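Going by TrEMBL, these are the annotated features:
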| type | residues | note |
| --- | --- | --- |
| DOMAIN | 62-170 | domain 'MTTase N-terminal' |
| DOMAIN | 198-429 | domain 'Radical SAM core' |
| DOMAIN | 429-491 | domain 'TRAM' |
| REGION | 34-57 | region 'Disordered' |
| TRANSMEM | 556-576 | transmembrane segment |
Amino acid sequence: MPAACESVLEDIEDIVSAENLKPHDRQFVRRNVFPKVRKRNSQKNAQTDDEPPSDSIIPGVQKIWIRTWGCSHNNSDGEYMAGQLAAYGYKITDNSDEADLWLLNSCTVKNPAEDHFRNSIKKAQEGKKKVVLAGCVPQAQPRQEYLKGLSIIGVQQIDRVVEVVEETIKGHSVRLLGQKKDNGKRLGGARLDLPKIRKNPLIEIISINTGCLNACTYCKTKHARGDLASYPIEELVDRAKQSFQEGVCEIWLTSEDTGAYGRDIGTDLPTLLWKLVEVIPEGAMLRLGMTNPPYILEHLEEMAKILNHPRVYAFLHIPVQSASDSVLMDMKREYCVADFKQVVDFLKEKVPGITIATDIICGFPGETDEDFQETMKLVELYRFPSLFINQFYPRPGTPAAKMPQVPAAVKKQRTKDLSQLFHSYNPYDHKVGERQRVLVTEESFDSNYYVAHNPFYEQVLVPKDPLLMGKMVEVNIYEAGKHFMKGQPVSDARVHTASISRPLAKGEVSGLTEEFRRSAQNGTKWKAQPNAEIPVKTRLSSWMALQLPWQQEGGGLKILSVSLALLAVLVMFYYGEMKTEL
């Protein structure tokens, strides 16, 4: 394994001189790759008949393990990176031990998540694995000591993951951390039509915008994702349409703050949602992601109408963080407790049965016992069925980290007290005996049930009948727990299938045209013969087939330049062979 370059480069182009090909062109011409003729040893080399050795520098033969921490936005980024790498020819593996390279996609929200990320880097290095880092941690603080010498791909540069991985495998340490802009205006990020591998082939995660309009004093994610940048409505609708054509039956809209969507491009969230519901087929559902109170207040009437739509889950995640106005002011949350209550009360009245999920931080700097008791009263009042309780962790570089801290023991006790309150009530007991319509999308962690959700996005466990997966069915609720209900399918009920299209297989790449599928298949499915040299023509056609459509710009000029480059290589090889014979 080649030693990594000691210098850390700010961009991939830095490793190429002006007279050399650029990274995205190097997939056409590999001037230094000449497989050697090996002596016949059928028993030793039998295992190499199907694929080249994983330590080869031929692109697209290495195995890559991807680990993602954090929110659904981060998970969507991970799916896009996996899809591009697989489309190029790399094998995405679930076995970290057999992988040649680890792609670690990090979360910077809390200290424990970053600790896991740091420990994984250390483990990869101990295992002599190549490493590429992604996500919010290296984007926000790329110069941390434990990141030195490692390749980094920024949150807005995920469409170039193939280049970063390729150079890292060669032994280079490269970094892409720039922002995407169009005429000086910051864009939402990488294109939405990139190939991806969905973690669950039935669920499509769509990031509608990146960044936010807030400046919360505890938030590290802002340092990574930046200010608000929204995707155009037409691009989001096109992505949803494509997803349904690939057998998806559930769409999650995600971002750092969905409620702020469109404020930078002259539109708003309700306008987007009304366009999306037009394309949702019968038997499919849409789930809206987290929104902060300030940006949903002015759209309450329209949001209530949308959340009552039969193909939209009556579910909304609205973080309150604290029920103390003084604490909220120190957090710079830009709302008061009365604003939060207004949103919740209005939606509960206009959308009967709606599920309101919320977040609470315990032990924020300056939080008094009286402040915390106000939060306890709020939870007692609303009895949120879904409550994310977080002990405060000061994140480096945030204003809250410099504030006087609440003692650790006090923070732990408050977290424990709030958790006990949350577990003191059962939100679903009164639903036993109901007949509910549910959409089945995944398998439970213990593999004993399939997981479905009713119209309020409440979890319902159903029998593991393969015929139910991806279907909308009616069930009778016969049992309830703290976080779930159990349902038995009704025998005479109608079953809805969301799409006539067959869902993609697990691990299959989404977003590839049939033409690209055929060319990639024809170009990459060759077998490396252990006892004969691979013809130059075969090698070059393989690399040509792997040009990624989303990287094609100025296609005509590129085809001409590539053709000339190929001709030059063939001529050089031909004269080299002639000299050898002479």
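Backbone N, Cα and C atoms are what each Cβ position is placed from, and that goes for glycine too.
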Using DSSP, how many residues of the domain 'TRAM' (429-491) fall into helix, strand and coil, respectively?
6 helix, 32 strand, 25 coil
Where DSSP helix means H, G or I and strand means E or B, what are the helix, strand and coil counts for the domain 'MTTase N-terminal' (62-170)?
53 helix, 23 strand, 33 coil
Taking every residue in the domain 'MTTase N-terminal' (62-170), what is their average pLDDT?
91
